[in-house]
Amino acid sequence: MSSIKRRQRIAVYSLVFIFSLSLLVPFSGLLLTDGAATAAEFTDNNPRADYWREVRQSNEGYTTAQGREAGVLINDGGQDWRRIRNGWVANFMPWLLLVVFSMLVLFHFLKGKKKVTKPLSGRKVLRWKAYERALHFSVAFLFIVLAITGLSLLFGRALLIPIVGKDAFAAYASLAKDVHNYLGPLFSVLLAVLIVLWMRHNIFKPEDWEWLKKWGGLFGDGAHPHAGRMNGGEKIWFWLISTVGVAACASGLIMDFTNFQQGRETMQIANIIHAVLSIGWIAVALGHIYIGTLGTEGALEGMTTGYVSEEWAEQHHDLWLEEMKQGGNESSSSSVAEEPVAEKN
Ligand code: HEM
């Protein structure tokens, strides 16, 4: 045998040997561990599976990161939160708004605007001071912006993506989130000022129960029940703002200021409370906005110019007008205009 052929054969045998050895390498672990650890045991008791099971069950592990729940990789309750939020909150609540809106449209077509019945004399009464109007419309403007951005974040995906597409929605949603997060605290502060300033006008009095029992004269002969500066309906709106509205703001602030180290469960509960209360609030606000604009002749004029006609005041707030005529009292910030205003509405 020539030396070349011999060398070739050695090379082939060497390759086969090295290849066979490399196939055995993965099994070398058996030599380093207990030989009893068989393949069957490997499939039944995967150490990685145990690890992920622990993580999945929200068990706390070890981390050098500081902060509450930093060692909890996955929050199991997040699944429940996601189911509730994307389930009945996002699916049921929009219908509430649609139903209220449709009822207002129907009511307007059936009943129409509440007109001032007496002919206007031209005399006017100061009802809202400039700072009160500025405060009211700042709160109203912020409320509308927060309502639009908030609703967009809750069900904009379902409503807007089919219309504007994914990219445009993503850009808008990112902006809406920032606007909502930054204006929320400002709105909360202004709302708190409004509540403190107007609380004294909204203490319930016996005539308010009579007003409510007669539905503010909505049905029947249409005669207006007696009312002071604010009527029973307005007082309910005010106290709704002071309770439901404050809770909606508080739950929003819990989500806004995460630097207080609130846990993930607290944030999830705050999120659901915030969504439900805010949408309920928007539904009632639709009614307030309707009554203040299309529903009642002269109301919006009062909130924009500060003055209402004496006839409007007599029809809607007769006890308050009486007080004003007798020189006002300590609980009121308005007065009868010194000079009759020349132009009629
Ligand atoms: C564009 C939206 C709005 C319009 C057109 C509007 C209109 C009015 C009008 C005309 C009044 C005066 C009623 C009267 O003189 O008796 C009023 C009062 C009031 N509004 Fe609005 N409003 C709007 C939004 C809001 C919002 C969003 C809030 C609160 C979140 C709000 C809170 C109040 C309160 C607390 C009063 C006084 C009622 C009371 O103290 O009982 N308004 N609004």
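Every residue gets a Cβ built from N, Cα and C, even glycine.
In TrEMBL, annotation is done automatically, which means it is predicted and not curated.
Per TrEMBL, transmembrane segment is recorded for 12-32 (among others).
Listed as Cβ neighbours of the transmembrane segment (92-110) (distance under 8 Å, sequence separation of 6 or more from its ends, same chain) are residues 151, 154-155, 275-276, 279-280, 282-283, 286-287, 290, 294-295. Look at TrEMBL and you will find 92-110 (among others) tagged as transmembrane segment.
According to TrEMBL, the feature domain 'Cytochrome b561 bacterial/Ni-hydrogenase' maps to 127-306.
Beyond the ends of the transmembrane segment (182-199), by six or more residues, the same chain brings 132, 135-136, 138-139, 142-143, 145-146, 149, 238, 241-242, 245-246, 249, 252-253, 256 to within a C-beta distance below 8 angstroms of the stretch. Here TrEMBL flags 182-199 (among others) as transmembrane segment.
The annotation transmembrane segment is assigned in TrEMBL to 236-257 (among others). Residues 181, 184-185, 187-188, 191-192, 194-195, 198-199, 201-202, 212, 230, 266-267, 270-271, 273-274, 277-278, 280-281, 284, 288 of the same chain lie 6+ residues outside the transmembrane segment (236-257) yet bring a C-beta within less than 8 angstroms of a C-beta in it.
As annotated by TrEMBL, transmembrane segment applies to 269-291 (among others).
The region 'Disordered' annotation in TrEMBL covers 323-345.
Annotation source TrEMBL lists compositional bias 'Low complexity' at 330-339.
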